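Working notes for the structure below.
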Amino acid sequence: MGKYFGTDGVRGIANSELTPELAFKIGRFGGYVLTKDKERPKVLIGRDTRISGHMLEGALVAGLLSIGAEVMRLGVISTPGVAYLTKALGAQAGVMISASHNPVQDNGIKFFGPDGFKLSDEQELEIEALLDSEQDTLPRPIGKDLGQVNDYFEGGQKYLQYLKQTVDEDFSGIHVALDCAHGATSALATHLFADLDADVSTMGASPNGLNINDGVGSTHPEALAAFVKEKGADVGLAFDGDGDRLIAVDENGQIVDGDQIMYICAKYLNEQGRLKHQTVVSTVMSNLGFYKALEAQGIKSVQTAVGDRYVVEEMKKNGYNLGGEQSGHIIFLDYNTTGDGLLTALQLVNIMKVTKKPLSELAGEMKKYPQKLVNVKVTDKQEAIANEEVQRVIREVEEEMAGNGRILVRPSGTEPLVRVMAEAPTNELCDQYVERIAAVIRERFGA
């Protein structure tokens with residue numbers, strides 16, 4: 001990753017790291033890179049509910065107008081909503097202002113190309129080079145050649161109309177509990193499920209600019225689990241701040257994670273003959289129980305590095321149509337170009353309706369292996385992982401597991417940590433395996 005762009009756009013503390021000055025430049029230079037071949041290019045901008053969203057939007061808009069772009073403001077909308085509308089409205093680029101599941105003080109900016117996909121590494125590097133250049137030599141249109149800004153707040157409704165076409169059934173007779181994380185889906189989700197005749201109970205849908213992700217949403221599903229039981233709902237659906245993730249809760253208040261949701265959708269699509277190449281794409285963090293459950297259904301799997309962008313890359317490259325992460329980013333490439341919480345929620349409830357099975361039964365077919373993750377602070381993460389003694393103890397543990405468990409040792413992408421993860425039939429074995437490896441890393445490379 002570059003100096004500004006991480007795995008999911010530019011992120012930082014709003015007004016401290018991600019300043020309006022930087023946002024102006026990102027709008028100007030990013031807009032130029034994405035639209036330089038087009039006269040009067042059209043660029044869409046959406047944002048989540050953070051207090052800093054207005055400030056950054058104003059700066060971004062100014063940067064885009066300064067290179068002659070026509071800007072359409074979508075207002076508060078989910079990240080996948082921006083991705084869909086960028087392509088559907090024939091825009092040259094889309095921009096989302098959000099820091100997803102991060103706390104309120106953070107914010108971020110991510111771009112989509114005209115095809116609705118996130119930018120390539122090459123495009124990001126081109127924008128970074130302009131951000132780092134000492135002089136701004138880009139064109140400065142004047143008079144009638146300057147860009148203009150218009151509001152298109154109906155964009156959210158256009159996106160919801162599209163989503164409704166992805167399911168055949170209405171949801172009458174199903175009681176759905178929603179947790180919108182006080183974020184981008186706060187207005188969208190209730191409308192969507194009510195339009196499909198579900199009985200809807202909603203929490204986490206009163207954004208005030210400061211409460212996004214605060215004890216609610218897909219990173220705090222325990223709040224929704226209690227709400228489901230209180231309301232007697234059939235299913236709970238928790239989104240994150242920008243609406244690109246879904247974590248579900250069954251009728252008993254049990255959490256159903258991204259692996260389980262992927263398994264349920266993969267099995268259903270496969271039975272319908274709609275799972276391309278009978279394959280699902282996941283990351284190395286997916287649970288061993290996920291792979292074993294897929295195998296039992298005759299479904300193949302492909303693994304990528306952690307990050308939904310790598311899942312999407314693999315799907316595009318080899319023509320797969322279902323992939324995702326344990327964290328709840330699920331990608332249905334037949335319908336959208338990025339992880340989409342609302343879309344995933346629709347597919348999941350549709351499967352419940354068609355199969356007439358409760359979520360506990362659908363999710364129960366996948367037996368999750370106990371998982372233990374330990375972070376070890378180190379002086380040199382790459383050296384720690386490559387170390388011969390560390391590799392020897394990893395091999396030793398893997399031999400003992402004999403295929404009935406899994407070890408994953410990887411560096412953190414952002415911190416001086418090595419993450420040691422084990423999956424095994426019991427919690428005790430998980431603890432033993434992780435500690436044996438972590439102890440060797442600590443002894444030799446502990447910070």
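Note: Cβ is positioned from N, Cα and C throughout, glycine not excepted.
According to Swiss-Prot:
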- S100, D240, D242, D244: Mg(2+) binding site (BINDING)
- S100: active site, phosphoserine intermediate (ACT_SITE)
- S100: phosphoserine (MOD_RES)
DSSP three-state assignment for S100 (Mg(2+) binding site): coil
Extra residues within 8 Å (Cβ to Cβ centroid of S100, D240, D242, D244), Mg(2+): D48, S78, T79, S98, H101, G183, A184, F239, G241, G243, R245, G339, G341
D244 (Mg(2+) binding site): secondary structure state under DSSP, collapsed to three categories: coil
